[in-house]
Amino acid sequence: MSSKIKFVALLIVVISLLLNNAQSTREILSAEICGWNDPAVHCKTKEDCFEKCGGRPAKKVFCVRPGDHSYDRLCCCRA
């Protein structure tokens, strides 16, 4: 009985982590959060975005593709 409870608890934790990861990915790719209404800054690495992002910590600066079919990468500055 206790092994079933442990298994269910572990399953709940794993599912919640997967859902949280998917939500974070959608948030990063959101044009509203990334500020793509501003002039777009093309990048190859996140280091290319530090100046555009105005000294934000490295964990809030991204170089991402704005869409599934885009080959260009743009700077994304999270608040």
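Cβ atoms here come from the backbone N, Cα and C positions, even for glycine.
Reviewing Cys34, Cys75, the cysteine that Swiss-Prot connects to Cys49 via a disulfide bond turns out to be Cys75.
Closest to Cys34 (disulfide bond) by Cα-Cα distance, out of the disulfide-bonded residues Cys43, Cys63, Cys75, is Cys75. When the alpha carbons of Cys53 (disulfide bond) and Cys77 (disulfide bond) are compared, the span between them is 5 angstrom.
Using a 10 angstroms CA-CA radius around Cys77 (disulfide bond), the disulfide-bonded residues that qualify from Cys43, Cys49, Cys63 are Cys49, Cys63. DSSP gives Cys34 (disulfide bond) a helix state.
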